[in-house]
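Written out below as structure tokens is the structure these notes cover.
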Amino acid sequence: MPIDVVSKADGLRKSFFRSNRVIVSLFLVLWAIAVLVQFSAISFLAGEEGRTFLGVLVKSLGIMFSTLVLFFSFSSIQRRNRLINTGWIIYLLSVLGIVLVPFIGLEINGARRSLPMPIIGSIQPTEFFKIGIVFVAAMVFGDFNHPISRLADNLMNLLRRIFRGIPQFECSPTASFFILVFTPLFFVFSHALSMTIFLVLLSLILVLYGGKIDRFFIKVVLGMAIIAGVGFLAIKYTPDSAVRGTKLERMITWKNRLEPDRAGLTKEEYNALSKTQQDSLNYVITDATMQEKYAKMAVARGLHNGIQGAGNSKMRHFMPEIYNDFIYSLIIEEYGYLGLIGVPIIYLLLLLYIRQIAQDSKYRFYEIVLYGLTTSIVLQALVNMFVATGMIPVTGQTLPLISYGGSSQWAVSIQFGLIAAVVSIIYREKMADKREQEEREKSETGAIIETSQAPITEELEGLDEETINKHE
């Protein structure tokens, strides 16, 4: 291999680790926590029929090591065009997967969210759509010209042919963004309402980052507020019998998450009870409330007993989703206040560090990508923590990189890798600008010296040799 190629590769490697020490460190800390916690959490999976602890452990470790491969693979992106193309491909593939899910997706717990995949089993396209949304925002609102707006125009023309009532309007950057994001969400909201809400919230935050708050944005927000209000009333007051056995049966699940648990009583029977009797039902554990109640017990046990160590959780044997949605309660149970405070601090450090790096970027595109990917990770972490501690209803959002599950862990690893890639690109472009500035200053200094010496040279040329020698 030529020496200049080797030196260039070494230079890229050194610049990567010099600029990404914090990102790599945070990723590896979360990765280590995931390995440690999943060792305890997967015991419930091992108890299922046809599974063994060794088999589940091998699968978990396989997923974890694949996350390392994904992180370092995507973090090795060193060129701006390659970065843009990567985000564009992720968006297109995730949209294709979202469109296919209602038709060929796997039905789990009454909902279709995953596509069957050879070798790995299944994959959830919506997890990768989070990355796609961020890059769409960066391409629409950023400072690199990208033909993505033409895709939004073509998509609107197609929708106008299908739905004749759609009016003609000029696609502003905000309109283009919402068209490219909300159109795929029509295939998501019926079977994954909580994911739809998360993606909509992420989209609104990205528009605020992009600074493109126009009339279209206001209309979209008002429209979503109206739809949310109508949907809430429909979920709350539609009888279960009207949707049971239909495609809208998921409304029953949504209603159960919004209303207090009645321990199997009808609404009339529950309302007939006294306030004291209603409060006593909060301590009754049913199939519908088993996860939330045992999660609260795990949190209380951890805060009371302190650090107990890996494998010492008691509540993990009673919670089917302890390895996924409620893994934060397991962390608190086994590590007490250290787990309660330590894990959120890691995500907070990521947010603060990226905020500092984004401010040094001279391109809006990089800034939106960094803020968007980091916000997606941190927002997902907050939602999961709020669910595990009983502050909000169950949403299905996992704890980034720590919860067991291939799609979520792979998507978060790619996000971390892309963050590291952008940070590295910003660092190298900054160093290149610095070297260019130094060379420019050096050349200007040399020109000034030559200019100042020119009159002296001309004066000496007009004297004879004897006079010059006397002068010296």
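Including glycine, each Cβ sits where the backbone N, Cα and C put it.
Feature list (source: TrEMBL):
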type: TRANSMEM; residues: 22-46; note: transmembrane segment
type: TRANSMEM; residues: 52-74; note: transmembrane segment
type: TRANSMEM; residues: 86-108; note: transmembrane segment
type: TRANSMEM; residues: 193-209; note: transmembrane segment
type: TRANSMEM; residues: 216-235; note: transmembrane segment
type: TRANSMEM; residues: 335-353; note: transmembrane segment
type: TRANSMEM; residues: 365-387; note: transmembrane segment
type: TRANSMEM; residues: 407-427; note: transmembrane segment
type: REGION; residues: 434-454; note: region 'Disordered'
type: COMPBIAS; residues: 434-444; note: compositional bias 'Basic and acidic residues'
Helix, strand and coil totals (DSSP H, G, I; E, B; other) for the compositional bias 'Basic and acidic residues' (434-444): 11 helix, 0 strand, 0 coil
Tertiary contacts of the transmembrane segment (365-387), as residues 6+ beyond its ends and Cβ separation under 8 Å: 83-84, 87, 130-131, 133-135, 137-139, 141-144, 198, 201-202, 205-206, 209-210, 325-328, 343-344, 347-348, 350-351, 354-355, 357-358, 393-395, 397-400, 403, 412, 415-416, 418-419, 422-423, 425-426
Residues from the same chain, set at least six apart from the ends of the compositional bias 'Basic and acidic residues' (434-444), whose C-beta lies under 8 A from its own: none
Same-chain residue ranges lying at least 6 outside the transmembrane segment (193-209) that approach it to Cβ under 8 Å: 113, 126, 129-130, 133-134, 137, 141, 174, 177-178, 181-182, 185, 217, 221, 224, 250, 254, 367-368, 371-372, 375-376, 379-380, 383, 394-397
Interface check, the transmembrane segment (52-74) with the transmembrane segment (407-427), three or more C-beta pairs under 8 A: yes
Sequence-remote partners of the transmembrane segment (407-427) [C-beta within less than 8 Å, at least six residues beyond its ends]: 15-16, 18-20, 23-24, 27, 34, 63-64, 66-68, 70-80, 83, 86-87, 90, 114, 122-124, 127-128, 130-131, 354, 357, 360-361, 366, 369-370, 373-374, 376-377, 398, 400-401
